[in-house]
Amino acid sequence: MSRKVVRTSKFRHVFGQAVKADQCYDDIRISQMTWDSNFCSVNPKFVAMIVDASGGGAFIVLPLSKTGRIDMSYPTVCGHTGPVLDIEFCPHNDNIIASGSEDCSVMIWEIPEGGLTTSLTDPVVKLDGHSKRVGILSWHPTAHNVLMSAGCDNVVILWNVARGEAVMRIDSVHTDLIYSACWNRDGSRILTSCKDKTLRVLDPRKGTVLHEKDKPHEGSRPVRAVFVSGGKILSTGFSRMSERQVALWDPKNFGEPLTLQELDTSSGVLLPFFDPDTGVVYLCGKGDSSIRYFEVTDEAPYVHYLSMYSSKESQKGMGYMPKRGLEVNKCEIARFYKLHERKCEPIVMTVPRKSDLFQEDLYPDTIGPEPSAEADEWFQGKDAPPVMISLKDGFVATTKAKEFKVHKSLMKTTAASGITRRPSHHNSASLSLEVC
């Protein structure tokens with residue numbers, strides 16, 4: 001009689017824990033929009049959340065330390081004329097955030113050090129190019145000032161933000177609503193999932209389809225997909241019987257999934273968050289009250305269930321902290337910012353360890369805030385791997401300040417192509433936003 005051997009993994013005992021009530025952000029009216037984006041973006045300085053706003057769209061940006069009850073009169077970022085659908089902080093400058101809205105525009109904002117003191121209504125740059133609402137935003141992981149946006153007009157646009165230019169417009173590939181769009185680790189590929197039931201791997205600079213998979217999940221509800229280690233793809237979707245599924249694919253051999261697992265019969269879309277350092281993927285369902293996590297490895301069945309964090313209240317959205325914002329001395333391997341109807345609650349994922357020493361096996365070198373290419377270089381064909389940093393002494397920014405420049409000399413040319421630049425009160429030839 002063979003005994004079942006439990007698979008060894010250092011992440012088998014990862015556990016999730018909500019922080020104490022006084023470390024939450026309370027009395028925030030989270031947006032009621034029925035849109036399947038995260039509604040929250042975080043970095044080591046700020047947490048941003050889309051909020052309810054009358055007569056337009058707004059989001060609130062708080063310094064991480066500003067916990068407790070947030071006053072109703074706290075300033076917001078409120079330049080959009082329609083509801084905000086997605087927000088994302090720039091990975092190379094913690095003070096820059098992009099927002100996409102139902103008003104068809106994308107706006108880039110600078111958050112001052114220490115947070116907002118008055119409401120922001122004028123963006124640094126306004127990007128007009130979509131004819132319908134913009135629901136998906138994603139910054140390039142390694143190239144400075146490159147932003148991808150996807151709208152309900154079934155178009156993906158790659159922007160050079162510093163120039164305010166739509167450099168690449170992918171408008172003939174998707175035949176229906178785009179559910180998700182993301183980059184691979186070095187930003188040389190884009191992965192999209194679409195309502196036409198097709199997963200596509202695209203060459204971002206040519207706009208061509210390199211690999212595609214028809215019906216990765218049989219059901220008609222939204223599919224989400226992300227790149228994981230080794231160029232593989234993890235997707236979440238629904239079966240014909242509306243059971244939620246998670247699958248792993250090799251795009252070079254898209255015929256059959258490496259694994260396909262059924263999870264439950266809830267109706268919320270599963271948002272995947274993949275950590276390339278640990279190989280752990282976290283699945284957060286919109287409307288769920290739990291976070292499931294799995295380890296992705298090279299041995300069958302490839303996606304191994306680890307555990308589940310459960311709570312009583314359902315989540316309206318979820319923010320995911322970059323690795324450099326975690327507390328390494330507490331063996332924290334992930335931190336989520338869970339949105340309730342009226343508050344934001346951080347949830348810490350920890351590997352239990354007895355030693356207080358730095359755990360090298362949990363914290364390999366991770367992606368830092370320094371870009372490895374400029375926008376112009378990347379659009380001309382340069383692919384560069386991410387610049388890695390060590391977390392051994394906690395992350396400290398040692399690189400020189402990275403500037404975000406908007407070229408005023410290009411205002412006339414960009415205005416002619418329907419891209420407007422807001423007037424600035426600076427007299428210099430370029431606006432520099434610095435990150436410490």
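From the backbone N, Cα and C atoms, a Cβ is placed for every residue, glycine too.
Feature annotations, courtesy of TrEMBL:
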- 4-68: domain 'DUF1899' (DOMAIN)
- 77-119: repeat 'WD' (REPEAT)
- 127-169: repeat 'WD' (REPEAT)
Intrachain neighbours beyond the repeat 'WD' (77-119), with Cβ under 8 angstroms and 6 or more residues off its ends: 31, 33, 35, 37-46, 48, 50, 53, 56-63, 66, 125-139, 141, 144-145, 147, 149, 151, 159, 161, 322, 367, 369-371, 402, 404, 433-436
The repeat 'WD' (77-119): DSSP-derived helix, strand, coil residue counts: 0 helix, 22 strand, 21 coil
Mean of the pLDDT scores, which run from 0 to 100, over the repeat 'WD' (77-119): 96
Residue counts (helix, strand, coil, in that order) that DSSP gives for the domain 'DUF1899' (4-68): 3 helix, 24 strand, 38 coil
